[in-house]
Amino acid sequence: MSMFLDTAKISVQAGRGGDGMVAFRREKYVPNGGPWGGDGGKGGSVIFRVNEGLRTLMDFRYNRKFKAKSGEKGMTKGMHGRGAEDLIVFVPQGTTVRDAETGKVITDLVEHGQEVVIAKGGRGGRGNIRFATPRNPAPEIAENGEPGEERQLELELKILADVGLVGFPSVGKSTLLSVVSSAKPKIGAYHFTTIVPNLGMVRTKSGDSFAMADLPGLIEGASQGVGLGTQFLRHIERTRVILHVIDMSASEGRDPYEDYVSINNELETYNLRLMERPQIIVANKMDMPEAQENLKAFKKKLAAQYDEFDDLPMIFPISSLAHQGLENLLEATAELLAKTDEFLLYDESDLVDEEAYYGFAEAEKEFEITRDDDATWVLSGEKLERLFVMTNMERDESIMKFARQLRGMGVDEALRERGAKDGDLVRIGKFEFEFVD
C-alpha cells in the first residue's frame with residue numbers, strides 16, 4: 001500500500017534568461033563590420049499541471065527542489081539563443097498552492113490537465129544589434145539574462161469527493177464505504193484504524209454515481225489538533241454532502257446524540273462553512289441490541305433542538321455489516337447531490353491577484369538607500385537590482401549605460417540629498433563603486 005501524504009513544502013526556481021552577445025561582422029565601410037550579436041533565449045518557467053492519476057503528494061517527500069533550465073546565450077550572425085523548455089511538475093487534483101512566505105493562496109488546482117505558471121522564466125538579454133544607433137553604430141553593449149523567479153511554496157491536498165463520511169472512530173465509516181463501493185479501506189475493531197482518507201466510487205441502482213470519501217475518525221478537540229487533528233478535516237472542505245455516521249448501538253458507551261453534537265461542533269470550529277453543507281444522519285449498527293431504543297431517544301433530542309418550521313436532517317437507519325437500508329440511503333444521497341451546488345473554497349479576495357503575484361499590478365519601488373556600519377551606501381530595490389543583474393560589468397559601455405540608467409532613476413540626486421560625498425563607496429549586491437559628484 002502506497003503512503004499517503006497531503007502536505008508538502010517545496011522550492012521552485014525558474015530558469016535564467018540567456019545572455020545577449022556582443023559580436024561584429026566584417027563588412028567594408030561599416031564601423032567594426034556592424035553589430036551582429038543576438039539575444040539570449042528565455043529561461044524555462046515552472047508550471048504545475050494536474051494529473052488525475054495522482055492520489056497523494058508523496059513524490060514531493062523525496063524531491064523538494066524544482067529548477068527549470070536557463071536559456072541559451074545569444075550567438076553571432078544575430079541569431080537568438082534557444083529558449084529553455086518549461087519544467088512541468090505534476091500534482092494531484094485538489095492541490096492548493098500557497099506562498100510559504102505570505103501564506104496567500106496562489107492557486108487551487110482541481111481540473112484534470114489544468115496548468116498554472118508558478119514561477120516565470122527570466123527574459124533573455126539583448127544582443128548588441130539591439131543597441132545600434134546613428135550616434136553609436138557599433139555598440140559594445142549586451143545585456144545579461146534576467147534571473148528567473150524563485151519562491152518557496154506550501155502544497156496542500158484536499159481530496160475531491162462528492163460525499164464525505166464523518167463521525168467518531170469505530171462508528172462504521174470504513175465498513176460502509178467498503179460495502180457500497182469497490183474501495184478496500186482497512187477495517188479493525190480499534191480506534192483510528194483509518195489513518196488516511198479512502199476514496200470510492202458509488203453507483204446507485206438508478207444509475208447515479210458519485211465519489212465518497214471515508215475520512216479518519218474525529219474526536220472532541222480535533223479542530224484544535226487533538227487526535228488526528230485538522231490534518232484530515234481539510235478533506236471535508238471539497239465535499240458537497242456530508243454523511244454523519246453515528247453508532248446507534250452506543251457500543252463504545254457514549255450517547256449517540258452527544259456524539260452528533262460533538263462532531264458538528266468540531267466541523268463548525270474548523271469553519272470554512274462546513275455546516276452549510278447538507279447533512280444526512282446515518283444511524284449505523286441498527287442490527288445491534290438497544291439500537292432501536294437509542295434511535296428513538298436520538299430523534300426526540302434532535303427534534304427538541306429545532307423549531308417546528310425547521311426541516312429536520314434526514315435520518316437513515318442502516319446496518320453496514322448486515323447490508324440493511326443501504327439502497328435508500330444511497331438514492332437519497334444522490335438526489336441531494338443533484339440539487340446541491342459546489343462550495344467555493346476560496347473567493348477572489350483569498351486568491352493572490354495574478355498581476356500582483358507577478359509584480360505588475362502596482363508600481364514597484366524603484367530603489368532604496370541605506371548605509372552600512374562601514375559608511376558604505378547600499379542601493380537596493382527590485383527594479384534597480386534587476387537592471388544590475390542584467391548589466392554586463394565586464395564591458396565599459398555596459399557599465400556606462402547602467403550609470404546613465406541610475407542617473408535617470410534619480411539615484412545620483414538621492415545620494416546627494418542623503419549626504420553622499422565624492423569618493424564615497426556605493427554598493428549594489430557585491431559590486432562596489434565610488435560615487436562621483
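Including glycine, each Cβ sits where the backbone N, Cα and C put it.
The feature GTP binding site is assigned by Swiss-Prot to 167-174, 192-196, 214-217, 284-287, 319-321. In three-state terms derived from DSSP, SER174 (Mg(2+) binding site) belongs to a helical segment.
Residues or ranges marked as Mg(2+) binding site by Swiss-Prot: SER174, THR194.
Residues annotated as domain 'Obg' in Swiss-Prot, with sequence analysis given as evidence: 2-160. Summarised as a single figure, the pLDDT of the domain 'Obg' (2-160) averages 91.
Residues or ranges marked as domain 'OBG-type G' in Swiss-Prot (evidence: sequence analysis): 161-338.
Swiss-Prot lists 359-437 with the feature domain 'OCT', giving sequence analysis as the kind of evidence.
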Using the alpha carbons only, what distance in Å do you get between SER319 (GTP binding site) and SER174 (Mg(2+) binding site) once rounded? 13
What is the total of other Cβ atoms whose distance to the Cβ of SER174 (Mg(2+) binding site) is within 10 Å? 24
Taking the Cβ of LYS285 (GTP binding site) as the centre, count every other Cβ atom within 10 Å, in any protein chain shown. 25
Across all the protein chains here, work out how many other Cβ atoms are within 10 Å of the Cβ of SER319 (GTP binding site). 22
LYS285 (GTP binding site) and SER174 (Mg(2+) binding site), compared by Cα position, are separated in whole Å by 13
Mind tallying the domain 'OCT' (359-437) by DSSP state, helix then strand then coil? 29 helix, 17 strand, 33 coil
